[in-house]
Amino acid sequence: MSSVPDQWHGYSFLESPQTRKAISVSALSWLVWDSILLCRREYESIWKRENSVVKAVYIFSKYVGLVAQTMNTIWTFDLLSREYLTPRLCRKWFGSQIGVIILLHAALQIILMLRVYALYDCKKPVGLFLLSLGIGEIASISFSSVYIVRGFHFHSTCLNANTPPAVVALIVVMAVVQIIVWGMTLFKQVDIPTRTRLLEVVGRDGAVACSVFVAIFATAVPYTFYVHTLTHSMFAIYMTLVIILTSRIILNMQGLRPLETQPAEIRSGGISLWCLDTTFDTINDGLDNISLEDISASEDTDTPPITPTTDSSEPRTM
């Protein structure tokens, strides 16, 4: 007997149970392979460091996300192997995936916004603005998701027969927030003419994150409204992308961290040695009263910048 119900014959290739299973396995395999590739960098930049907020965010995003993606793949094979799925069960399945995605997206936004906060010297108005922006986004996503899940009409293989209008509002909010965060990063790059490794890494990784979000939204929305409604496969793809983005952004920033044995004057002597942990650990102290403008101004003087005499690992590209 065919695994696709009679009423769904003729639907697109992407909506067949076999394809949906394959997409889930591919997304999980990609995540596992990326984790293997980053093992050494993770050990050096995360596990050998002292406990901090950045370490907690990394572990949560990486390993909670990995467990969630694994469970989602198992459920995909189990549920799509059944002859009939009730709308109630489908709604719980979709709701659990959306809940995990909200948490992982929040972790990524914490990293992106705290980097921008550091670029603006931990100024209180900027911090309050970013905090309000982040809380507003997560609240909007959570509120909209409830109506989205309730508005779904599922069929026997958990294919969604409609796309609630709240999906558009949700995507618009997420896109606007990403553009604002990236815009603030770009403005700081223009405002500080001196090119440093910090600005290069922040600018590059921020551009990649923004581009990924825009590409997903630009692809998913037209397909959902003008071709067929997307299945849960989009959740598996999005979850993997968010986990990989978060882990690689953190590791790239941690790669800027100088060795603990280096003198304090070397660690604070140039913006290129700034690291994400410094932002978290001294966030209430204003980054030890070191401002980006002061550092940039000092680099324009005739005094040569202080450079480390020991080897430090360069952050790798994403």
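We count from 1, first residue shown onward.
Cβ atoms here come from the backbone N, Cα and C positions, even for glycine.
Here is what TrEMBL records for this protein:
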type	residues	note
DOMAIN	23-67	domain 'DUF6533'
REGION	297-318	region 'Disordered'
TRANSMEM	52-74	transmembrane segment
TRANSMEM	94-114	transmembrane segment
TRANSMEM	126-148	transmembrane segment
TRANSMEM	168-187	transmembrane segment
TRANSMEM	207-226	transmembrane segment
TRANSMEM	232-251	transmembrane segment
The recorded stretch from 94-114, 168-187, 232-251 sharing the largest number of CB pairs under 8 A with the transmembrane segment (52-74) is 232-251
Find the member of 168-187, 207-226, 232-251 that has more C-beta pairs under 8 Å to the transmembrane segment (94-114) than any other listed stretch.
-> 232-251
Residues sitting near the transmembrane segment (232-251): Cβ under 8 Å, six or more positions beyond its termini, same chain?
-> 14, 19-20, 23-24, 27-28, 30-31, 34-35, 38, 41-42, 45-46, 54, 57-58, 61-62, 65-66, 68-69, 72-73, 76, 93-94, 97-98, 100-101, 104-105, 107-108, 111-112, 115, 158, 205, 208-209, 212, 216, 220, 276, 315-316, 318
Do any residues of this chain, six or more beyond the ends of the transmembrane segment (207-226), have a C-beta under 8 angstroms from a C-beta of it, and if so which?
-> 108, 112, 163, 167-168, 171, 174-175, 178-179, 181-182, 234, 238, 241, 245, 249, 318
Restricting attention to the domain 'DUF6533' (23-67), give the mean pLDDT.
-> 89
